[in-house]
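*Asks:* What follows is a single structure, and I will ask about it in a moment.
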């Protein structure tokens, strides 16, 4: 019974494994030009569905109260979309002399370019001027991996606009009229997006397994897994040290937000965006692997560290109240 409950809770992780296994067993179904026609159903319909769904679910009516935390949001955006990718790029210059698969290394760079998850950071991105990830992420990908993309720059942004921005705006517009109904019924937005994301992952790996020239060694995969763990722990520690300095001006609650939002990366936005930026690229699935690994790692580390971080925050908040002068 406990096993079934656990499986229900982790259905998306299990789904990723099954999607990749299914692609391995019969890749011809999900390849471009195959029965599923992913060049249309995935590249346009599936991606647009995810962002229409995001538009419906985003509670932008809460933004007014978030504007008072502009300094916090700005720090998270700069760390996530500037410091993170630049540091990864420097680190990869050292790793380039190792025998690690070069496409997995490029995948690590794409992880660095991704924005925080929409679910945990929509207010953070909106409060400092909009959905920066939709514009900045492809620019970062082209900056660090430009020669790897076979798709023209204008084509990338026109498809991003049609499959990401437009559905997001339509979703937000529809939300205005059915907001009360959405609040009452609470549709499973997360489950819908995750289900569509599994279809994208499946077709991506169908292309891989149908290509006999792609070879992935186990050592590279193990080393990348270790590197991802190390990167997350190091950046969480770095953000904790910086945000707890007396001169930082951040509260304990701010520190918790910084630790998680600055180091988490969006799989929901990332996979569709890679599908657009690297459309037709034979190594797309290998480039996607580090992001697919990063997602469960950030959930695992989060679940392990939450009790410790929560107890730290409570104790610090109590300490602040005790040291506050009484009238």
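Using N, Cα and C of the backbone, Cβ positions are placed for all residues, glycine too.
Where the annotation comes from TrEMBL, it is an automatic prediction and has not been curated.
Remember, it's a predicted structure, so these values are computed and weren't measured experimentally.
Pasting the feature list from TrEMBL:
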type: TRANSMEM; residues: 41-58; note: transmembrane segment
type: TRANSMEM; residues: 70-92; note: transmembrane segment
type: TRANSMEM; residues: 150-170; note: transmembrane segment
type: TRANSMEM; residues: 191-210; note: transmembrane segment
type: TRANSMEM; residues: 222-243; note: transmembrane segment
type: TRANSMEM; residues: 255-278; note: transmembrane segment
type: TRANSMEM; residues: 284-306; note: transmembrane segment
*Asks:* Residue list, the transmembrane segment (191-210) vs rest of chain: Cβ under 8 Å, 6 or more residues beyond ends.
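*Replies:* For the transmembrane segment (191-210), the list is 12, 15-16, 19-20, 22-24, 27-32, 34, 36, 38, 41-42, 46-47, 49-50, 53-54, 267-268, 271-272, 275, 282, 284-286, 288, 292.
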*Asks:* Between the stretches 41-58, 70-92, 222-243, 284-306, which wins on the count of C-beta pairs under 8 angstroms to the transmembrane segment (150-170)?
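*Replies:* The listed stretch sharing the most Cβ pairs with the transmembrane segment (150-170) is 41-58.
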*Asks:* Per the 3+ Cβ pairs under 8 Å rule, pairs at least 6 apart in sequence, do the transmembrane segment (222-243) and the transmembrane segment (284-306) touch?
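*Replies:* Per Cβ check, the transmembrane segment (222-243) touches the transmembrane segment (284-306).
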*Asks:* Any chance the transmembrane segment (70-92) and the transmembrane segment (255-278) are in contact, meaning at least three CB pairs closer than 8 A with a sequence separation of 6+?
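*Replies:* Per Cβ check, the transmembrane segment (70-92) touches the transmembrane segment (255-278).
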